[in-house]
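Taken verbatim from TrEMBL:
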- 451-465: compositional bias 'Basic and acidic residues' (COMPBIAS)
- 45-274: domain 'Nmd3 N-terminal' (DOMAIN)
- 277-320: domain '60S ribosomal export protein NMD3 SH3' (DOMAIN)
- 341-430: domain '60S ribosomal export protein NMD3 OB-fold' (DOMAIN)
- 443-465: region 'Disordered' (REGION)
- 522-542: region 'Disordered' (REGION)
Amino acid sequence: QNYANRHLPPPPLHRAAFFSSPIPSVMDEQSGMFNVQQTIGCVLCCKCGVPMPPNVANMCVNCLRSEVDITEGLQKSIQIFYCPECSCYLQPPKTWIKAQWESKELLTFCVKRLKNLNKVKLKNAEFVWTEPHSKRIKVKLTVQAEVLNGAVLEQSYPVEYTVRDNLCESCSRFQANPDQWVASVQLRQHVSHRRTFFYLEQLILRHDAASRAIRIQQVDQGIDFFFGNKSHANSFVEFLRKVVPIEYRQDQQLVSHDVKSSLYNYKYTYSVKICPVCREDLVCLPSKVASGLGNLGPLVVCTKVSDNIMLLDPRTLRCAFLDARQYWRSGFRSALTSRQLVKYFVFDVETPVSEATVGGQKYALSYVQIARESDIGKMFYVQTHLGHILKPGDQALGYDIYGANVNDDEMEKYRLSVKNGLPEAILIKKCYEEQRERKKKKARSWKTKRLPMEMDDSRGRVDPEKTDKEYEEFLRDLEENPELRFNISLYKNKDYEASETASMIDDGEGAPSVPIEELLAELDLSEEEGEDDDDDEEDMAE
């Protein structure tokens with residue numbers, strides 16, 4: 001009757017019976033009117049007669065799957081090649097992709113290896129658990145496709161990947177001859193210490209930059225990295241350019257030549273030189289460089305070295321940044337280095353004149369009265385940028401310009417041009433030697449990782465005692481400077497006893513340390529497996 005009143009034709013009758021539940025009416029409290037709730041009707045499957053929601057094919061899901069298989073023609077099994085040495089998978093024809101077990105990268109690699117997958121629409125992909133040593137990888141795929149009369153059918157099916165061990169080109173070359181490398185990076189810094197290399201080593205570990213290195217060798221004044229591919233060496237040099245100011249040159253040597261195929265085999269060498277100016281060095285800028293930086297200094301202190309060099313004037317708190325290109329254009333060197341620091345006693349500290357925050361570090365300009373440890377009777381009244389941390393009775397490390405024999409032409413020119421002469425001393429940092437002596441035998445609550453390096457004494461003798469002493473100084477710098485350890489991963493030390501914490505607190509104001517919030521827990525799979533084995537043995541015993 002409703003259709004007749006609206007002058008509309010009645011709906012067509014389907015050959016299958018149509019069932020619907022009675023339509024209830026609900027009273028709307030706000031409008032006071034009855035609202036009719038819509039219900040979904042049911043039809044009978046044309047194959048099995050089971051009630052179901054209506055669809056275009058007029059068949060239930062089970063009957064539709066029995067009639068049509070959308071996975072027909074899709075690969076159900078495939079063979080992949082895996083390099084056990086470098087944990088890489090072969091992407092034909094010659095590309096090796098690094099992926100961990102059941103990782104997102106491995107799942108993407110497995111899906112891309114399948115052919116004819118463009119015939120259906122991929123909805124989901126997930127791993128099915130298998131034993132790691134079974135050499136089988138199972139992936140469950142869910143796909144959609146249009147079937148009879150435009151009906152959309154979704155179906156899941158497993159794909160089994162058979163893993164075959166096969167060494168990649170670089171690993172096979174290394175297995176045949178470990179010294180058979182293609183490209184080497186010779187990293188050098190012509191200074192009297194290795195503090196820069198210790199910091200650079202932690203950056204390499206943090207970013208996993210040397211993961212493709214075949215061999216790492218420590219030599220005098222540097223480190224050598226050997227790679228099995230030229231592109232890996234190029235990537236490593238690009239990483240070095242982003243973290244330290246360097247300049248490099250590339251050389252190549254012909255190894256072999258095939259006349260018939262015109263193939264040439266070369267060995268490539270990258271000679272990388274790091275800027276010799278290090279953190280805490282005193283620099284006397286050349287006149288051209290100082291004028292280009294707004295008449296800075298010229299006596300400045302290097303406070304930070306990253307992809308650029310940060311220079312601070314300790315008497316005005318002005319700073320400037322030099323990138324690698326600007327530095328190598330002038331090529332100045334440090335007048336005094338951290339090896340020439342002298343200990344001073346602080347007797348008086350005046351109220352700071354001005355304060356400034358440069359590169360995340362706070363500085364305060366103040367006048368202090370100091371004396372050298374070796375000559376207490378001689379007092380100096382100098383300016384310093386450490387007025388915010390120094391107080392009477394402290395010790396500080398600085399450069400003794402009054403008694404130092406400086407062999408620097410720029411500083412000699414500056415001394416002759418200044419009417420009042422050079423300052424007697426320039427303080428660099430606060431000294432915590434007395435506080436460290438109390439905790440000398442106590443282990444640190446944190447530790448760092450090291451690169452697996454070999455020692456090479458053929459091109460210069462490496463003194464292990466000197467290296468250990470410089471590494472201890474590097475660890476102290478990490479404790480004193482939070483900005484220095486910002487890009488470094490520090491791990492909890494398992495040998496550290498928690499009972500020592502109370503004794504450290506009782507010492508009062510001591511040397512700075514690394515907060516426990518900055519430490520990472522080192523993952524040790526061997527211990528976890530051992531605990532699981534112990535649990536299994538206990539269960540079996542019960």
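Cβ atoms here come from the backbone N, Cα and C positions, even for glycine.
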Per DSSP, what is the residue count of the domain '60S ribosomal export protein NMD3 OB-fold' (341-430) in each of helix, strand and coil? 9 helix, 48 strand, 33 coil
Overall pLDDT of the domain '60S ribosomal export protein NMD3 SH3' (277-320), taken as the mean: 91
As a quick check of your reading of DSSP, tell me how many residues in the domain '60S ribosomal export protein NMD3 SH3' (277-320) are helical, how many are strand and how many are coil. 6 helix, 17 strand, 21 coil
